[in-house]
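Below is one structure, written out as structure tokens; comments come after it.
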Amino acid sequence: MGFIKQLCFLILIITTFFVGIFIFANGFLLTRHEMTLKSSCESNTCWTAPEINKVYSKAIVIIIDALRFDFAEYKDYTSKLPYINKLPVLRELAAKKGCSSARLFRFQADAPTTTMQRIKGFTTGSFPTFVDISNNFDSSEITEDNIIDQIVAQKSNITFLGDDTWLNLFPGRFSTALPFPSFDVKDLHTVDNGILNHLYDEMQKPDWKFIIAHFLGVDHCGHRYGPVHPEMTAKLGQMNEMIQSVVEKMTNDTLLVIMGDHGMTETGDHGGATVDEVDTTLFVYSPPGALFSPDNAVFDKNCYDSKIQQVDIVPTLSLLFGFPIPFPNLGSFIPALITGESHGHQVSNLKQALTVNLKQVQNYLQEYNKMHSTFPQEHFQSLITAMTQISPQNFSSVDTQDVIQFLRQAREMCHEIWAQFNEILMSVGLQICATVMAWYFLGLALKHFIAAAVILFFIDCMAQFADDKILAGLIIFYVTVGAFTVLAAKKAIKGENCLWFLLSVVAVAFYGGIYTANSFILTEDNTICYLFTSMQCYCFLKLITNSKISRTKLRTSKNFLKRTFQFATSFYHDPFTISMILSITLMLVTRYAFTFRVCRPEQFWCYKNSEESFSAIDQSSAVVKPVLSTISLVGIVLTAIFWFKKTGNSRGLLSPSRICARNLIPIAVVCITLHWVLQTFPSKQLDSLPDMYVTFLPRCAFVLLLSCTIWWLISPITSHLIYPDHKGRYVDESSQTSDAQVISEYYHQLKQQLNKNVQADQEMSRNNGHQAQAPPAAFGLYTFASTSILGMGEVLLVLIVLLLDVEIAPVMFFFILSTGCLLEVISMDENSCKGDMKVSWVSVFLWSLSSSFWWFATGHQGGISSIPWNAAFVGFRGNHPTVALPAVMVTSNIFSSQILHTALLPLVVLWPITRARSSSRDQRKFDSELDFVQSEHFWPSMTDLFMKHILFQAVKMLGCMTSSFLHRRHLMVWWIFAPRYLYESVAFIVTCICSVLCFCYLARIKHCMEKWIHKKIS
């Protein structure tokens, strides 16, 4: 019943936090209201003038995913960078045909720059919101008006080839569709080669109006290798040949549009936070030379025109081919593409096209404001009034620059207020999370918590009627949190060292407060490393202060070597020496592991030079990565085997510590190593292999690790007995079937000692006149709980190494060293566990801070572009049948540090009992884990431990929520604050779920141990 009660309490707290997160998210992550109205020619949003229709009858739209602008721009100098001057066909067309036939634009996309959002943007002309990023991997049909539907409505045929995302967004729209799986970012050639096998044949057919070909190789090359890699040269070369072939085969009445959907960072990622991610390419080729040039226009050798918005392509293509402009469009017609019989006709047609464009935007703004009333009235009315004065009937007298300016103002106004925040919901969500934290800090009864929550709710409701309801809500929020914090600190200090506790409070408050500054978020990895190292120094000083150092007196000896040996060995049990060694080791491991971090795109100082890789890991080490990773992985396995042997938990024939640690996991390691070696093959050779050859090894590893997980769940107890034989000598309970040579020297020594004790007891019994019956000896009981935790942790660690890939495997070995040193440091603290075995706040803070540090050390960052999509394709090729499995794999990769630290969290309580220093053990209340697990303190101490760990994660989450609330109108809210809030919210949810699962696993361990004892006794 103790477990059920404590589990319900834990779930109650977690559920309350989830409610607060959900309410806040509903107020913060609001989506744009989509309207299903359609444009038509009756609404004056299409143009069918004869001058516009006699130049182009067809269009070929080639989308090269992640075609950054500098990939297409030709440079007059040579460069070692593999993406410079690799599309010379664009320069050649400009040189041969002139700028009346070829034109290059800097094409600016709107964040977020995920593929689905960009497709939606340049087909509807609208701006997808930040929260729509979740649809990128589970795309649903676009219901808003869009250019694809308008083309189909005019009975025109569209041929599509490439990224199968289009078929999810526009099902049944294409007369010919040749889709290819797009989600496997490791596959550089399937989509591109599939398009090239059919593109030229489709061009020869007469029944199409539009051909859309979406190539993915450049984007996948960036994700897999980054732009600074020879594969990028090969891929851009393939695109160059494709463009050249299309130009040669296309007819004169066809318009060629080559565009990118977004750019990429120097690591190959894209989210929208930097210029490299949003600046892409638009290249237009007109065989008849019908492109428009303003008076006195001067172009460079690339025929570079100007910087335009990506949504501008929507009204441009619509008006060029006589289709209605989609209703939600906010783009502007591109002047360079206007056609006409002469320059004068082009100017006149441009004015008419812009006025039609303006009329469409005006209709959209008026309808949107009528339904939702979200625009600032003064600005909105002045803009509509100015637009109304310009109409298609008087277009000849308008100034094109004025129209373009009006369209730009309308777009900027929508950008500013697109997502309307619900400040009340955000405030309530903040207060719920803060109240739960304060309640646990204060240790109030449940009825007091409910009463406080009700009072706070009514006060908040009354505050909503104040003149500035948001300010009133914030005042109540901060006064409440401040009062609770003071009371909590006053209560907590009673059981802690005042100075050390206050230092920890300051560190926690500082950590939670850094999220309110974008500069701190951008350098959060450095800040966490500094905090973690500082806390290590603090713990070292704390151990020195609390420990009573007693050095062994040296015996006088004339032998110098003997005196030196005595002096050296005297420090073995010296707390000062041990603390110093552990602290120095922990600091060195921390500093070295920090070099494995992956820099954010905004951290420009991570560049070594303009022609080197962006990562903190040198690209020159790529050849030796599998070797280092294999050595590290073997070290992880050997460490686990050594631990199980040392603690006496590896002798049972069916014990998971023997079957898994010594058999299944080593086989899985071999599979992982061979998989890594296979990944070093050239991409063309790797892609030519059958799917089974590439996926077999990691899938075998997955199966073996899953089997180990099930084995540990079914049989978490690894203890075994040694019985005395008829001569009174101890042998294994399975000695009849086991080989004596298998028994390790460690067990031989233990048995010899036991046999000596038995002989002494028998001699004493004979002297007393009766025969004694020797009891059996139990191995592994002393550490049965920690062994089960470590066994499951080993399985999770190897699984995460497989998902993290070859680059991060070495750092996981240092994670083991760091965790071991950290547990030793925590257990050496006399105040780490009190009489009731509840861990101090300082110890939990240090453990949770380690979780944050290793999140960065394992190659993660708080930006959208840092999501490791490669993890979804470890053991898979092509698209997944469902989004659930790749979501779990990617989430496990991102939050691997949180998962491991939560799974190993019970060791913070168990390690002081487990560690093999008798001097410290004598001071503990429990002599073994068996005594502790069977005591009444077990479940309360574990609940307290998990709650403190969850509350520390909640402090970080609350800091992110507060910063998102305060900076909701900040320029960088959707680039910096919102992504960090989402990461921290998901990290908190993952931590809570893992806490509940680990709590249940502890119950399983306790139940199996009680069952095992009952079976042996009976």
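Quick reminder: no glycine exception, Cβ is built from N, Cα and C everywhere.
What TrEMBL says about a protein is an automatic prediction, not a curated fact.
Copied over from TrEMBL:
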TRANSMEM  7-30  transmembrane segment
TRANSMEM  471-489  transmembrane segment
TRANSMEM  565-588  transmembrane segment
TRANSMEM  623-644  transmembrane segment
TRANSMEM  664-681  transmembrane segment
TRANSMEM  693-714  transmembrane segment
TRANSMEM  779-802  transmembrane segment
TRANSMEM  808-827  transmembrane segment
TRANSMEM  839-857  transmembrane segment
TRANSMEM  894-914  transmembrane segment
TRANSMEM  945-966  transmembrane segment
TRANSMEM  986-1005  transmembrane segment
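Only residues 6 or more beyond the boundaries of the transmembrane segment (693-714), in the same chain, are considered here, and those with a CB under 8 A from a CB of the stretch are 656, 659-660, 664-665, 667-668, 671-672, 674-675, 678, 686, 788, 791-792, 795, 798-799, 802, 874-877, 1001, 1004. Between the transmembrane segment (808-827) and the listed ranges 7-30, 664-681, 779-802, 839-857, the one holding the most Cβ pairs under 8 Å is 839-857. Most Cβ pairs under 8 A with the transmembrane segment (779-802) among the ranges 7-30, 664-681, 894-914 are made by 894-914. When each of 7-30, 664-681, 839-857, 894-914, 945-966 is scored by its Cβ pairs under 8 Å to the transmembrane segment (623-644), the top-ranked stretch turns out to be 664-681.
Within its own chain, the transmembrane segment (7-30) is flanked in space by residues 129-131, 419-433, 436, 440, 943, 946-947, 950, 954, 957, 961, 964-965, 968, 978, 981, 985, 988-989, 992, 995-996, 999-1000, 1003, which lie at least six positions past its ends and keep a Cβ under 8 Å from the stretch.
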